[in-house]
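Participant: Structure incoming, see below.
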Amino acid sequence: ALIQRNCTESGWSSPSPPYATACQLEDSSSSNHTEAKASYFVTMKVLYTCGYSTSLAALLLAIGIFSCFRKLHCTRNSIHIHFFTSFILRGVAVLIKDAVLFSDDSTDHCTMSTVNCKAAITFFQYSVLANFYWLLVEGLYLQTLLLLTFTSDRRYIWWYILIGWGVPMLTVCTWVVTRLQYDNHGCWDDHTSLYWWVIKAPILLAIFVNFLIFLNVTRMLAQKIWSPDISKSYKQQYMRLTKSTLLLIPLFGVHYVVFALFPEQVAVAPRLYFELVLGSYQGFLVALLYCFLNGEVQAEVKRNWGKWQSSMESNVFNLVTQDFTA
């Protein structure tokens with residue numbers, strides 16, 4: 001809530017409403033309930049910190065694999081790398097936001113309104129938007145490949161980059177200017193403000209378009225699989241390419257749409273659990289589906305591992321031979 005004070009002849013009046021009411025804090029008579037709630041949030045913070053740390057490690061490893069092996073350099077994997085990077089930014093943004101907003105327990109979060117906390121929230125909102133729009137790019141690219149019968153064109157990569165990074169940047173800049181102009185209160189982390197829709201509406205739009213792509217890709221895939229003109233190898237290629245994206249599109253969007261239909265004060269505990277705890281492991285799931293379980297990646301890693309082993313054995317044999325001939 002917006003807290004106000006009046007300037008009187010005897011000085012400033014007491015804050016209205018009081019901090020405890022504005023922040024919906026518990027009173028002193030319910031200290032046990034307050035301690036239980038504090039313990040709940042501490043446990044949740046530990047869980048999602050572990051989740052984001054696991055995701056960051058998996059995503060960095062996946063980017064390293066795609067970057068190191070030349071055979072894996074293609075438009076599809078370039079888009080995967082951008083998608084992984086958006087997850088990395090999202091995880092880093094959450095950790096930065098926690099460090100800035102909750103570094104000092106003595107600070108009243110309701111009255112906190114610093115440049116650092118606003119910058120942390122702005123970076124967090126940008127990373128979340130970029131995450132959803134790179135998922136949209138994954139869906140668009142998959143649909144393009146199916147329409148063009150696997151004819152890849154690198155011309156589209158710049159359009160994908162513009163959608164994945166440019167649209168979130170334009171949206172966040174609009175949101176920052178709007179908040180500075182009309183609602184420059186607190187740390188901008190309140191979801192009750194009307195201007196929150198500047199962020200929420202583009203996310204819902206990306207989810208809606210992705211859902212339409214999901215339906216269209218499913219329809220095209222069914223047509224191609226049941227078509228007698230498509231060979232068995234092509235059918236396997238279609239299935240291998242689409243299974244990861246078709247799983248991710250509903251997985252990342254369903255819970256956001258469900259909670260978006262309710263006010264922010266409704267179902268707070270389930271919302272926090274889905275968005276923080278389960279959401280922190282989404283990056284690990286993406287790296288698992290697109291990289292670690294990818295047959296092409298596994299074959300390339302095994303091939304290079306075999307070459308490295310053969311090279312090591314050859315070097316050892318040469319050293320032993322030199323010792324005997326010396």
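The count begins at 1 with the first shown residue.
Each Cβ is built from the backbone N, Cα and C atoms, and glycine gets one as well.
Please treat TrEMBL annotations as automatic predictions, because they have not gone through curation.
What TrEMBL records for this protein is below:
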- 44-294: domain 'G-protein coupled receptors family 2 profile 2' (DOMAIN)
- 46-69: transmembrane segment (TRANSMEM)
- 81-102: transmembrane segment (TRANSMEM)
- 132-150: transmembrane segment (TRANSMEM)
- 157-177: transmembrane segment (TRANSMEM)
- 197-217: transmembrane segment (TRANSMEM)
- 238-261: transmembrane segment (TRANSMEM)
- 273-293: transmembrane segment (TRANSMEM)
Participant: Please work out which recorded stretch in 81-102, 132-150, 157-177, 197-217, 273-293 has the most C-beta pairs separated by under 8 angstroms from the transmembrane segment (46-69)?
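Facilitator: Answer is 273-293, with the largest number of Cβ pairs below 8 Å.
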Participant: Based on Cβ pairs under 8 Å, which of the stretches 132-150, 157-177, 197-217, 273-293 lies most in contact with the transmembrane segment (81-102)?
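Facilitator: Out of the listed stretches, 273-293 contacts the transmembrane segment (81-102) most.
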Participant: For the transmembrane segment (157-177), find every same-chain residue at least 6 residues outside the stretch whose CB is under 8 Å from a CB in it, and list them.
Facilitator: 75, 78-79, 82-83, 86, 122, 125-126, 129-130, 133-134, 136-137, 140-141, 195, 198-199, 202
Participant: Are the transmembrane segment (273-293) and the transmembrane segment (197-217) near each other by the rule of at least 3 C-beta pairs under 8 angstroms (pairs 6 or more apart)?
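Facilitator: No, since the transmembrane segment (197-217) and the transmembrane segment (273-293) share fewer than 3 Cβ pairs closer than 8 Å, they do not count as touching.
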